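**Q** What follows is a structure written as structure tokens; I'll ask about it next.
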């Protein structure tokens, strides 16, 4: 198991301070890389090439409060030409449609009409995608300013608000438990006042292995967290810290670092062994207890370390202990710490670590698993998040929360403070519902074959939405204002007595204790209030986790995370924007959070299928962008419309990619006449969209490889995944049955010897068939084009048109190149083999064409084409 889930690299040392050095038990303000003057000069120099500061207007409210972030806009020398090219392309597209209507192809009306519908939709979808990008804005948090305003030089007297951290997991195999424990350890060690944050793990599988892993985490954290604070360790997930390259040491006790490092690493290796052995440990313990407590019915329980039966899912599942059928569980693993720092002990014979000047307190840590019962729709991740929201309101009740997937960890320990810069800013902070960080990933292959980094979306599309009402919610790495999750309106739209009226309603359920806690949680200055688990509180927690608690309430629609949709994240953010809330996109260096992406082709495609299917569900739901009220920015509405309809256009892309089948049969096919003018329009329009893309590469600070990989994977998705999502949506509209999308597996077969082994694993699913068909058709079309040129000579009109069509086919093959490598499996390690196979296939088709052309005269081919119903007239498609 360890070899399957552990990502090991021969580790060099890495220490990169963006956090606090705890050598004197206090937060150090000037030693973070992200905050250092040198780092700021470097970042500012890079920004000055593209970005310029915006002149901030008058600060509303208390003008004595300093601004907590800077606003940057794209330099006019880049932005104005960018907008001008967009306008030119829009004019060119309109002129193209006018020209096509005036030159209607009457010899093949049915094909011309289909082509026009496709091109019109191409143009419409491009406009939806492009309009929200007209005013990209970057917002840069000022962590030094928030320290100066909210933190005291006296430890334990920070004025920063409380934060509840939510981590969700389901399966310890598909979502390897080593990822989860590293995520939790990075949260416990983050640079934020210890008494101001609490961590919750929601185990939706109800497995004992996750619960006992949390106790192992708590024990190892007693060493790991003080080590991080003492030496300013970055990142603070041990698996990733011990696996990255050397960085400058930023702590204050370098003479002790090497010794501490060696000991902590040795302890971590032992910790991993204990984590990986938990499955066997629990099984052997349960077998021993079951032998002593044999029941007549032969039911075998799963036993905890204290000799009691586990109330959740058993290894050998039985009634009330099955996955999907068990009682709710809440276990406080680490109690809430005191407000006063607790310094560790000096080094001794029994304890080689000197933590005498380090605060050794740990944040609160809670394990929970909600109740599951047959007959209930548990609403997957969204349902688990809503239960966590209610449980945390009773146990800590922080006014802010941040959620992570179990495979994400904190890469920059200043990230919580960075998000708070936007939430607490005096300009419009109180109207900010959430702060979205970009998703960054580890262990993606160096060439990013399947565009896992998705930088065009995160650093392009999301950054551009900063200039409107804000980015959409993307499921993980997001800090929320709890008031927005409770469905409250933003202060600028809220009536004065709205919050007081909450206590008089039962729309949040029957728990009075929970409703009263909401009133406190809506106050952004409210600190974490630890609750003692008395019998009354325990009973209330049990009630909040029951399946029936939400019956007859607006939970899942107007309160909490939204239900009955695969993309619950985007729809939840949409609801907040519709209410008038705004959001902020925050990208900092080093990146705030890192996660694990599926580098296997099939898992990646299934992941995208779930996203695209959920997007279409959004369009056909009450969260349709057309139904948003007047509080939503008009271009924000356009952005959401694009997010919910983008798979539809791929139906036409798939048709165009399969279109070469037609000219494999006939000598001449033309969509539009005159063919030369048609090709010229297409070249101009396609070239202009690439020019626009180069401007976006510039202001989004992405690489040309990122942009190319985005284009390639879009075509891969457009030929298989997105049309499948459309088909699923059509079936749902006809049958009324929901769409089931499987959980993306994060299990990896990679080991220390072959880190990217998953990249070469082929798991055949029907989803691959359409793209394979497109590959075959376009390879055949290139072969036929070469055969025609060889048969007729390059100076014949038919041969010239065939060569022009071949340019389109070759372009499609270039875009599908990563897919072709993926389905080759282990052979994909040698791209030269793919090139040889393509040349051989194309050559074979060309020879076959020349041979059959000699056997069957042109009249026979024309007769076949005429059987389609009209005189043969068609050509090569284009992308508008």
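Numbers run from 1 along the shown chain.
Using the three backbone atoms N, Cα and C, a Cβ is placed for every residue, glycine included.
I grabbed these lines from TrEMBL:
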- 20-39: region 'Disordered' (REGION)
- 82-101: transmembrane segment (TRANSMEM)
- 108-128: transmembrane segment (TRANSMEM)
- 175, 204, 380: UDP-alpha-D-glucose binding site (BINDING)
- 204: active site (ACT_SITE)
- 381, 405: Mn(2+) binding site (BINDING)
- 569: active site (ACT_SITE)
- 646-666: transmembrane segment (TRANSMEM)
- 678-701: transmembrane segment (TRANSMEM)
- 713-734: transmembrane segment (TRANSMEM)
- 764-787: transmembrane segment (TRANSMEM)
- 799-820: transmembrane segment (TRANSMEM)
- 832-852: transmembrane segment (TRANSMEM)
**Q** What whole-number Å value do you get for the CA-CA distance of residue 569 (active site) and residue 405 (Mn(2+) binding site)?
**A** 12
**Q** Looking at Cβ-Cβ distances, which residues of the chain lie under 8 angstroms from residue 381 (Mn(2+) binding site) while being 6 or more apart from it?
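**A** Within the chain, residue 381 (Mn(2+) binding site) has Cβ neighbours under 8 Å at 168, 204, 561, 568.
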**Q** Looking only at residues six or more beyond either end of the transmembrane segment (713-734), which have a C-beta under 8 A from one in the stretch?
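**A** Answer is 450-451, 605, 608-609, 612-613, 615-617, 620, 646-651, 653-654, 657, 767-771, 774, 812, 815-816, 818-819.
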**Q** Cα distance, residue 380 (UDP-alpha-D-glucose binding site) to residue 405 (Mn(2+) binding site), nearest Å?
**A** 13
**Q** Neighbour count, 10 Å Cβ-Cβ cut-off, for residue 569 (active site): what number do you get?
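**A** The answer is 24 other Cβ atoms.
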**Q** When only pairs 6 or more apart in sequence are counted, do the transmembrane segment (764-787) and the transmembrane segment (82-101) reach 3 or more Cβ pairs under 8 Å?
**A** no
**Q** Using only the residues recorded as binding UDP-alpha-D-glucose (175, 204, 380), report the maximum Cα-Cα distance in Å, whole number please.
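**A** Pairwise Cα check on 175, 204, 380 gives a maximum of 15 Å.
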